[in-house]
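> Before anything else, here's the structure in question.
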Amino acid sequence: MPYDSGCDPQKDTRGKLPESFTTPWSELAMMRTCTCIYHFLVMSWYIFLNYYISQKGGRDQQKSKIFLNGGQWKYLTLLNLLLQAIFYGVACMEDVLKRIKGEKDIKFMTAFRDLLFTTLAFPISTFVFLSFWILFLYDRELVYPKALDGIFPVWLNHAMHTSILPFTLAEVILRPHCYPQRKKGLTLLALASLAYISRVLWIYSETGTWVYPVFAKLSPVGLTAFFSLSYIFSAGIYLLGEKLNHWKWGDTMQPRKKRK
């Protein structure tokens with residue numbers, strides 16, 4: 001089998017395994033090598049972005065002001081960049097270990113890679129892309145004030161908010177991912193969302209400033225509705241990822257336990 005994500009490959013109606021599970025080993029080796037190189041390059045890109053932002057933020061006085069009252073990790077955008085660097089690092093390590101030890105000896109690593117991608121990396125990166133550009137096109141002052149154009153170069157804005165989606169979709173296309181039971185996946189996503197919302201509220205309680213300008217425009221009821229709708233939106237993205245995985249790979253990757 002080309003991949004082992006702790007899931008059982010399902011035969012089609014004729015009792016045959018999907019084509020992706022009968023690929024010649026020479027082609028399979030080439031696919032794995034290309035995937036490993038891709039993961040390494042994307043990981044390097046995200047590491048560079050995290051390093052560039054942290055270094056420039058420390059040297060540039062204007063940028064340093066942006067990172068006051070909570071630091072750079074108060075922004076979901078920058079947390080997502082760190083998350084993507086971690087995921088692609090895990091994916092690259094899993095690729096290498098698979099070649100060295102074989103699939104059966106690294107099932108835990110493969111399962112962790114899939115869990116990280118399905119419950120966090122895909123939903124959060126897609127949420128950042130969609131929510132940022134929706135608010136930006138509606139009124140950029142709510143999320144990315146025009147004054148930031150003189151601080152962050154255009155390429156960096158697109159690196160943080162645009163290119164994240166193509167990379168995520170490429171990962172969906174490159175390999176199948178084993179989704180956890182739906183209840184478990186949505187619960188993990190909810191816990192991550194709750195953790196970030198708690199941090200946003202804590203920063204406001206300590207400093208009196210909101211992480212994003214849009215929050216200052218909302219009443220307590222409005223904030224509650226905004227955060228609730230944001231999670232519902234994220235949950236919808238999670239389900240979309242599940243559907244995309246099924247659309248691309250069919251029933252080739254199914255969890256051993258039945259979804260509830």
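Cβ coordinates are placed from backbone N, Cα and C, and glycine is handled just like the others.
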> Looking at 15-34, 155-174, which one is transmembrane segment according to TrEMBL?
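Going through 15-34, 155-174 one by one, TrEMBL gives transmembrane segment for 155-174.
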> So what's near the transmembrane segment (210-240) in sequence-distant terms, Cβ-Cβ under 8 Å and 6+ beyond its ends?
70, 74-75, 118-119, 122-124, 126-127, 130-131, 135, 141-143, 145, 182, 185-186, 189-190, 193, 197, 200, 203-204
> Thinking of Cβ pairs under 8 Å, which stretch from 36-53, 114-135, 155-174 has the most of them with the transmembrane segment (186-204)?
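Per the Cβ under 8 Å count, 114-135.
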